[in-house]
Structures are given as structure tokens and as C-alpha cells.
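J.: Have a look at this one before I ask anything.
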Amino acid sequence: MRPRGEMARDELEDVPDAEMGQRYRKFPSDSLQSHISEPQKAPKKRLVFHYRTLSPETSYFLEIWDGIFLLVLAAVSVITPLEVAFDLARHEESSMVIWAIDAAFLFDMILQFFTAYFDTARSRYVRDVRSIAWRYLTGWFVIDLATTFPYQLFGELQHLRVLRLLRLHSAIQICRRRQANVGISFALLSLIKFLVVLSFNCHWMACLWGHIAWCHREGSWLEALEASKGGDPRLYTEWPGVYTISVYWAIMTLTSIGYGDITPQNQYEYVVASVCMAFMAAMWAVVIGQMCGVLATLLPHDVAFKRTMDDLNWLLKDRQMPMPIRTKLRRYFYESRSLTRLHEQKQIIAQMSPMLQGEVSTQLLGNWIEKVGYLNNLDCEVLVQVARKLKAQLFAPKEAIDNDRALFVVRRGVCMRGGRVLIAGDVWGKDMILSNPLLREATSVRCLSYLEVLTLRFVDLQDCVSRSSQGRALVRWWQIRLALQHAMQRISRAVRQMERREGSFADMPADTQKKVVLNVLHGHSPLAELPSEETCSNASAGLAGNQLEEIKSSILALTQTVESLQQTVLDMAE
């Protein structure tokens, strides 16, 4: 006997939930009758189908299919006019190609019912299947259906196979969807578009002109050409030869060169030739005009550089500069072309959103940022500000570079610093964050070639990190770390020099050792008289009140870290 309100597990049955995509437990109707006083009517089941739509932005399959279908459309543009003009459908090879094209068209039609489209009114992609289907049925569906119809099965409708060319509208849609994937300039794309349009129009006109003579050979231009010139009979009886002659005629018509050996012979041919001449002449005029405009703006950066060089040459000639100086200045401007590109790139990056600016700035900064500890761990927002503050400079060979409390990054060229050769990717001036000039390295830099560097001033870095507490703390921690490191190096060098003259530093009294250290840190001779307390207080007036305490605590923390690392190494060795 089971208590009221309890049910056995075997009385439950699994029922799929079509809307949620999960399974839930359903009570059988007879069990419900025994536990519910008043029977309830079971709700009607609704059959809901969920289809997965393809997003043009995220679907990798759709991206691959768009590339394949573009190739299919290119093949249709070439094969279909040839097939209709020279009746190639009766060949077995051509028939297989035609059926493959029809299958690709049919598959693309099915995909159109499941491909999301962009709604400009709501500025989002519509993924509802019913909305997608209604938009396609009221749009290009009828035309696509006409292009997919197997006309090769009906002899009297074979000429309607030329309707497959209407499917070329899909090429425009695919190019619009994939324009973000192409990194070619619009000027070059325009040139490619014009060449493609001219090529296909010549091909289509050649097929039309060849079809006239192929279907009605008697009294045609082909018969007249064979009678006047003669030659290999296959040139006039097989379709490759006739097509070659037709292409020759189409190119003459397009370029308006004029006719020589191929001329119309009857009224029908004169009408077709006149229409072709009018159409091709208009197209040639438009294409030539558009191409001239495109070529004028194809390389805007090169045009601006040439204008700058013309102005420089005018300046040198007007001021009657000596020839060696003229050569040096021209060489400098040729080497500085990359600086101009860098300034233009900064203007482009400034138009992006903050997130995209961070991603692009991280890529543009390169691997050198890993060599600068206080920049490598900054937030993305701060790095964007740092990238904006970077200034590109170009130095001539043998030119000296002053250490103006700035960070220098070598982008191109070779230089010498303190007996060390620096190349692209090297960095110097990382100690610019130290306020004590005695702790900063003052080694001069000499250029061995044209040297292109990126510079970041300390004032600009302070401005970037002033709005970030994490950035300020990170820079402050590195200030203490570099100050201790450089102070230890400075003291060790001074002690070694003093030991060569005065003897061992360890044998000196503690007061003398303290005096030597303070003298070194104040920039005096190690054994010079210690400055008065008033002088010391004035020298340290700019320091914060708790700076010494922070240094002491940092030294203790570093000592503890070193001891823990030593213990870890000993444990690993055991």
C-alpha cells in the first residue's frame, strides 16, 4: 500500500520537450486519476520544428560555399553562352557539366531558405525561418527557379538555357557579404571589376556573333571569310575555330579599331553588328573614363610623397643648396616614408572603438613591450593611451641621440650605445621613470645607419597612468625596483674603485661605510665630506614623507623573496 501523494518511478515516462530540447517526466493519466480528485484534460500537443539558420558572419560552411558558388557562377558565365551558341549540350562531357551546374543551383536555392539576412531598418540579422522564406519567395525565388529548370530535357526550349546568366545576381550578394574578408584597395578592386566585365562582354558578343554563322552558314560572314581567305577547313567547321574568329571580331568591335576581313553579309548580321557596336562603344567609353579616375587615385600615398619631394627639390633649387646637402636631404626624405605611413595609421586607429583600438595597439606594439616590465602588465585601456603617445622619429647616420628622459624602441636601423650594438626590437631608456638623475644611465647613443625609433616620454607615460590606480601602483613598484637595482650597481662600482686606492671596504668602520654610501647616492666622491644635515634635508625635500619607509619595506620584501627562492632551490636539489 503506497501512501497518498507518492508514485512509483515505473509510473513515470520520459517525454521529449520539443520546445526546450530536453526531456521531462510525465505522469500517466491513470496515476493522475488516483491522486487528483478532479480529472483534468491533457493539453494538446504542439509539434514545433526548430531549424538552425546560417549566419553570414559566423558560419564557416557558408563562407566555403560562397567561394565555391562564385567559381560555379564564373563557369556558368563562360560555359552557358558557348553551350547555347554552338549547341554543345549534345556532347556527353558538356551534358555532365550542365547537370552539375543545375545541382549546384538547386542546392544554393535550398540554402537561401536558411540563410539569415541583414535588416537595415532594425540593424540586425533576421534568423526567423518564416521571415527568411517569405523574403526569398517574394524576391529572387522566381528568377532562381527559372535558372535551375533543366531546359536540356526539352529540345524546343534549349535556347532558354541562356537564362542561367540571370543567376549572376548572386555574385553581387556574395561579394557584399564577403567584402570585409578582402583586404584589397577599392581602386584595385575597381580595376579588376572593369577587366572582368570587359572580358565577359567580349566573350558573350563573340558567342552571339559566332551563333549567327553557326546556325545559318549560307550567306553568312563565316562563308564569306572562308571564300576570301581560305585556310584550314577545321577553322570554319569546328566550334573552337569559329569561336576564335568571333573573339577577334568582338575585340575589334569593343576597342573601335575598325573592321578589316570580317564584315556583315546580310541584313540580320548588319543589325546585330550595329547593336553590338553601339553597346560596346558606350561600355568602352565608360570603362576608359572610370579607369582613368581610378588610376589617378590608385596610390594616394605615393602621390603625396611625390608632391613632397617636388616641394623639397624646389626648396633646394630656390635656396641654391650645395649638392652634398641636397643628396643628404633627399636620402632622408626617402627613408622617412615609413614615418608618414605611421602617422596615417594612427589617424585610422583613432576612428575605432576603444576595444578595437586595444586589440590593434597590442598587435602594433609588437614583442618589444615584453622587454619593458611596467608597460607589459598595464591594462588594455592604458596601453591604448600609451600607443597614442608614441612618437616616431628618424635619425641620420652618425647622429647622436640625447637621453631626454624617454624610452626608445628601435624599429629600423642600427645604433651603438655604450659599446653595445642595438638593432630592430631593442629598447633603451627603461630607467626614465627614476626621478634621481644619478640613477639613470647617461650613456650616449650614436647612429650607425638611418635609425627609425619610437619614443615615449616620461611625462606622457605619467599622463597615461594617472587615470588608472593599477597603472600608478605598477609604475611605482618598478620605480622602487629599478632604484634599488641601479643604486646597488652604482654603490658596487664606487666601492670597487675605492678599494683599489684605499683598501678593503669591509674593514672600514660602520660610520665610514654609511658615509661612503650616502656620498655615492648624492653624487659626491666616496670619501668626500658628508654634506650637512641642512643640505641633505633640502636635497630630499622633494621626496614623499614615507618614501624611505617604502624603500625599507621593499628591501625587506626582496630579502624575504630571495631567501624563499634559495630554500626552494635547495629543496629541489635534495
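Every residue, even glycine, has its Cβ placed from backbone N, Cα and C.
Not my notes, these are from TrEMBL:
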COMPBIAS  1-10  compositional bias 'Basic and acidic residues'
REGION    1-22  region 'Disordered'
TRANSMEM  64-85  transmembrane segment
DOMAIN    64-292  domain 'Ion transport'
TRANSMEM  97-118  transmembrane segment
TRANSMEM  186-212  transmembrane segment
TRANSMEM  241-259  transmembrane segment
TRANSMEM  271-299  transmembrane segment
J.: Do any residues of this chain, six or more beyond the ends of the transmembrane segment (64-85), have a C-beta under 8 angstroms from a C-beta of it, and if so which?
T.: 94, 97-98, 101, 104-105, 108, 111, 158-159, 161-162, 164-165, 167-168, 170-171, 174, 177-178, 200, 203-204, 207-208, 210-211, 214, 239, 243
J.: Residues of the same chain, at least six outside the transmembrane segment (241-259), with any C-beta under 8 angstroms of its C-beta?
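T.: For the transmembrane segment (241-259), the list is 82, 85-86, 198, 201-203, 205-207, 209-210, 213-214, 222, 225, 232, 234-235, 273, 276-277, 280-281, 283-284.
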J.: What is the pLDDT of the domain 'Ion transport' (64-292) when averaged and given as a whole number?
T.: 84
